[in-house]
Amino acid sequence: MHKYQTHWVEHSIVKILSSTGKKHIALMVGGMSAEREVSLVSSEGVSKALIELGYRVTFIDMGADIAVRLQEIKPDIVFNCLHGTYGEDGCLPGLLNIMRIPYTHSGMLSSALAFDKIHSRIWFLTNNINMAESIVVNKSDNIKNDPMKRPYVIKPLTQGSSIGVEVIFAEDDFNFADYDFPYGDQVIIEQYIKGRELQVAVLNGKALGALEIKLLKNRFYDYETKYTEGFADHLCPAPLPANLYEKLLIESEKIYKTMNCKGPARAEFILEEQTNKLYALEINTHPGMTPLSIVPEIAAYAGINFTNLIEEIIKMASFES
């Protein structure tokens, strides 16, 4: 079994963190996805901020009985701190729409579209957003040779935090015939663009700023690099010419709007070294809130501290009727 996998959990774990407050917030964390640990780390700072803001807070580590538990708890708002399957992919927003409980972050369709790399790519290209060349490969295709000229990137369709992402360079001892499709029967094979990794934080439709990621150890921005201190430097704001920086913000707001996102999001790009051409990678509708996460860092640069960021996210809580 691979290290990061979705697993089924029958019962939710519920803890009261604060029993008094102006509104009752259910902080939804953990869950059953491969990104469970990231969600738990994100929830630590979020829970402290919610209590500091004067909310009544109930911590819920989500299991399959979540609908019953929500009926028992009766929160005013759900703060969706889940990452990955069941939380970020539209499942939880869909349930909360049915239950008519306001929730933070993007809605069901926006979350589902952004989480699925095939459908988000179709949506991006339909709206004239530039992306690298890619193809879909099915396990049943039984491809024995490289499906694309090296270097290329292998991406699972529905994983976040770069889980399962592999970059295959010309010199690598890699045989595609041996690839075991650990995260589903389809993958995206994407042209590798050599360039600068840029990330933009968007909050309630407004781009707050951009930063550049400088890799210090690994060859690409993988799970280990994202969540291990000392594996990457964040240059905030991104050291770009003013016109290019502004273009990056405008493009991010365009993606956010066309995907009908809500609350916080993080748009990811590669700036090709030779041509200065921007390539969109994805938009993350449930960005991390860990000490190493990008959205809180950019928000701080824009003058919004972590507690105020959480308050702004809460203000946009709603359900889709």
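Please read every residue number as a count from 1 along the shown chain.
Heads up, the Cβ atoms here are built off N, Cα and C, so glycines get one too.
Keep in mind it's a predicted model, so treat the numbers as computed, not measured.
According to Swiss-Prot, the feature ATP binding site maps to 147-199. According to Swiss-Prot, the feature Mg(2+) 1 binding site maps to Glu268, Glu282. What Swiss-Prot lists as Mg(2+) 2 binding site is Glu282, Asn284. Residues or ranges marked as domain 'ATP-grasp' by Swiss-Prot: 121-315.
Sequence-distant contacts of Pro147 (ATP binding site), defined as residues of its own chain at least six apart whose C-beta falls under 8 angstroms from its C-beta, comprise Ile135, Val137, Phe176, Ile189. Calculated from their C-alpha atoms, the gap between Glu268 (Mg(2+) 1 binding site) and Ile168 (ATP binding site) amounts to 20 Å. Distance from the CA of Asn284 (Mg(2+) 2 binding site) to the CA of Asn175 (ATP binding site) is 31 Å. Every protein chain considered, the tally of other Cβ atoms within 10 Å of the Cβ of Asn284 (Mg(2+) 2 binding site) stands at 23. Rounded to a whole number, the distance between the Cα atoms of Glu282 (Mg(2+) 1 binding site) and Arg196 (ATP binding site) is 15 Å.
Distance from the CA of Ile154 (ATP binding site) to the CA of Asn284 (Mg(2+) 2 binding site) is 18 Å. In the three-state DSSP assignment, the secondary structure recorded for Asn175 (ATP binding site) is coil.
Ranked by CA distance from Glu282 (Mg(2+) 1 binding site), the binding-site residues Ile154, Ile168, Pro182 have Ile154 at the top as the closest. Reduced to three states, the DSSP call for Ile168 (ATP binding site) is strand.
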